[in-house]
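Student: Got a structure here, written out as structure tokens. Questions coming.
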Amino acid sequence: MSASPSMSGGAGERTRTVVWFRRDLRVEDNPALAAARRSTDTVAALLELVRSTGATHLFFNHLYDPLSLVRDHRVKQVLGAEGITVQSFNSDLLYEPWEVLDDHGCPFTMFTPFWNTCLCMVDPPAPMLPPKRINSGELSRCCSSDDLIFEDESERGSNALLARAWSPGWQNADKAFTAFINGPLIDYSVNRKKADSANTSLLSPYLHFGELSVRKVFHQVRMKQLTWSNESNGDGEEGCSLFLRSIGLREYSRYLAFNHPCSHEKPLLAHLRFFPWVVNEVYFKVWRQGRTGYPLVDAGMRELWATGWLHDRIRVVVSSFFVKVLQLPWRWGMKYFWDTLLDADLESDALGWQYISGSLPDGRELDRIDNPQFEGYKFDPCGEYVRRWLPELARLPTEWIHHPWDAPESVLQAAGIELGSNYPLPIVELDEAKSRLQDALSEMWELEAASRAEIENGMEEGLGDSSDEPPIAFPQELQHMEVDRATIHTPAMAGRRRADQMVPSITSSFFRAETETELSAAFESEVTRPEVPSQVHFQPQTRMEVRDEVASDDTAARYNGVQQQQQYTLHRHRVQGGIAPSTSEASSSWTGREGVIWTGTRSSHIG
């Protein structure tokens with residue numbers, strides 16, 4: 001962290017600029033840093049240094065989650081009132097969210113038309129070169145990085161394991177990216193579904209923390225794609241397209257968070273507010289510890305705890321099992337991912353869990369249950385991934401590795417496996433889970449129909465949110481993750497704190513009470529949103545003269561349908577069984593992010 005004076009303008013004139021580093025920890029292709037270097041000779045980072053250093057400028061790069069949008073707008077207001085010049089830049093995305101709209105000027109609500117539109121737009125700017133020289137002032141000598149405490153004693157053991165696999169820093173990020181595009185990328189289309197992490201880029205932590213420029217990734221992969229296209233390398237060209245699609249999903253997660261600020265707390269499809277999630281902390285604990293009895297799920301959860309990372313296909317497997325087989329609230333799973341993933345990303349995690357739970361217009365059908373056994377032979381056909389993370393199954397033949405409960409007793413004995421003892425039996429039979437899921441869906445539609453009927457009858461409040469019931473708190477036992485094979489009994493319902501229900505990044509509020517009304521106005525204004533730069537007048541440009549008008553019309557129709565559903569949810573609801581907060585409260589007032597994520601739910605499916 002540094003701040004320094006510089007000479008510019010007339011003789012003796014001293015100007016200072018602070019660069020606010022957030023998720024853009026690099027000097028390459030950093031617009032805020034480049035602008036600071038052009039305007040002054042100094043760099044600093046931390047908002048609170050502005051007054052102490054007498055800085056006259058603050059530059060930072062955009063973030064798109066609702067907290068950051070409001071915070072950044074407030075920073076501009078407060079510092080602007082004090083005469084500080086504040087400028088923000090796009091560093092995290094290929095295109096700003098307000099630049100990508102459908103033919104009717106509305107935000108997209110499905111990924112495919114969104115990404116197709118992005119690919120038709122003018123390419124994003126080329127990445128910037130790092131500044132040749134950055135002057136650091138006296139403050140840089142006040143404290144060295146070695147003096148800062150980033151971890152306590154209890155964290156050092158697990159962090160040491162992570163350090164063996166990950167090397168932070170923008171230079172290491174650049175090395176990892178170079179190694180990927182010159183190696184696994186050419187076979188990405190063939191190997192990407194394998195659970196072996198060596199076949200993926202492993203770039204997500206670097207992209208999340210901004211150590212790697214997404215524009216640099218986009219342009220260099222595009223160059224590889226053109227090269228392989230000219231060489232008639234179909235696999236390489238397809239691999240580039242698939243990898244760029246994953247970049248597009250990251251882009252879409254920010255787009256969704258910007259246009260739907262409640263997406264990390266409530267489903268976008270209104271009827272899913274009424275789904276009767278199972279509130280069972282025993283199931284949750286077993287899933288976390290990798291003791292569900294389904295080898296691929298258990299292997300994934302143990303890898304997550306040991307390394308802080310999961311292959312994207314395994315993320316889908318474990319989250320789908322969580323939501324559809326165990327029917328636990330998807331927000332629980334999203335928060336656990338936040339607590340354990342090295343690349344934990346609020347926007348991307350919200351998109352993934354909403355997709356799995358069927359909460360998005362183009363998400364997976366909620367009534368579709370993927371069989372972990374079949375998924376195992378698809379993504380880990382030889383069972384090596386399972387054997388690596390479940391050593392108790394290491395001697396089991398491949399024929400039975402993904403469904404040991406079907407193996408003959410002689411095979412189990414030869415492998416040293418005693419089901420129910422050193423490896424658990426399945427916690428839930430799939431046939432039972434399918435039946436229970438159908439019952440839950442029926443109940444959901446009944447509750448939704450009853451709510452709609454009450455609203456249509458002119459009642460002021462419909463079904464859903466019940467302020468008379470205590471909120472369902474997030475389970476607290478996340479710090480004790482050792483695998484213990486003793487019999488589990490349902491824990492007593494201990495006292496809960498409201499903060500237990502929140503994603504860690506939003507457990508504490510840095511807003512004052514008056515921020516509620518400011519945020520309400522920001523998100524409800526039909527004319528403009530204050531966090532969008534007012535000077536932006538974007539005219540969509542395309543490289544392709546012909547657009548698929550039929551697809552655009554279909555997208556607009558679906559968007560209008562979703563918009564009607566969202567308007568419907570603006571009514572407050574009261575009935576036992578509501579699982580989401582009042583939409584009007586969630587969308588118009590964030591209450592400093594200390595409100596509950598969901599309220600009382602039915603427990604008819606517990607057990």
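Any Cβ shown, glycine's included, is placed from N, Cα and C.
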Student: Pick the one from Tyr188, Tyr255, Tyr377 that TrEMBL also lists for the FAD site with Thr200, Ser201, Leu202, Leu203, Ser204, Phe243, Asp343, Ala344, Asp345.
Tutor: Tyr188
Student: State the Cα to Cα distance, in Å, between Leu203 (FAD binding site) and Trp330 (site 'Electron transfer via tryptophanyl radical'), rounded to an integer.
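Tutor: Between the alpha carbons of Leu203 (FAD binding site) and Trp330 (site 'Electron transfer via tryptophanyl radical') there are 25 Å.
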Student: Using Cα coordinates, what distance in whole Å links Trp330 (site 'Electron transfer via tryptophanyl radical') and Ala344 (FAD binding site)?
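Tutor: Here the two Cα atoms lie 15 Å apart.
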Student: Cα of Tyr188 (FAD binding site) to Cα of Trp277 (site 'Electron transfer via tryptophanyl radical'): how many Å, rounded?
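Tutor: So the Cα of Trp277 (site 'Electron transfer via tryptophanyl radical') lies 37 Å away from that of Tyr188 (FAD binding site).
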Student: Near Phe243 (FAD binding site), which residues of its chain come within a Cβ-Cβ distance under 8 Å, counting only those 6 or more away in sequence?
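Tutor: Same-chain residues close to Phe243 (FAD binding site) (Cβ under 8 Å, separated by 6 or more) are Leu185, Tyr188, Ser201, Val221.
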Student: Determine, to the nearest whole angstrom, how far the Cα atom of Trp277 (site 'Electron transfer via tryptophanyl radical') is from the Cα atom of Trp353 (site 'Electron transfer via tryptophanyl radical').
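Tutor: Cα of Trp277 (site 'Electron transfer via tryptophanyl radical') to Cα of Trp353 (site 'Electron transfer via tryptophanyl radical') measures 14 Å after rounding.
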Student: What mean pLDDT score does the domain 'Photolyase/cryptochrome alpha/beta' (1-94) have in the model?
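Tutor: Average per-residue pLDDT within the domain 'Photolyase/cryptochrome alpha/beta' (1-94): 72.
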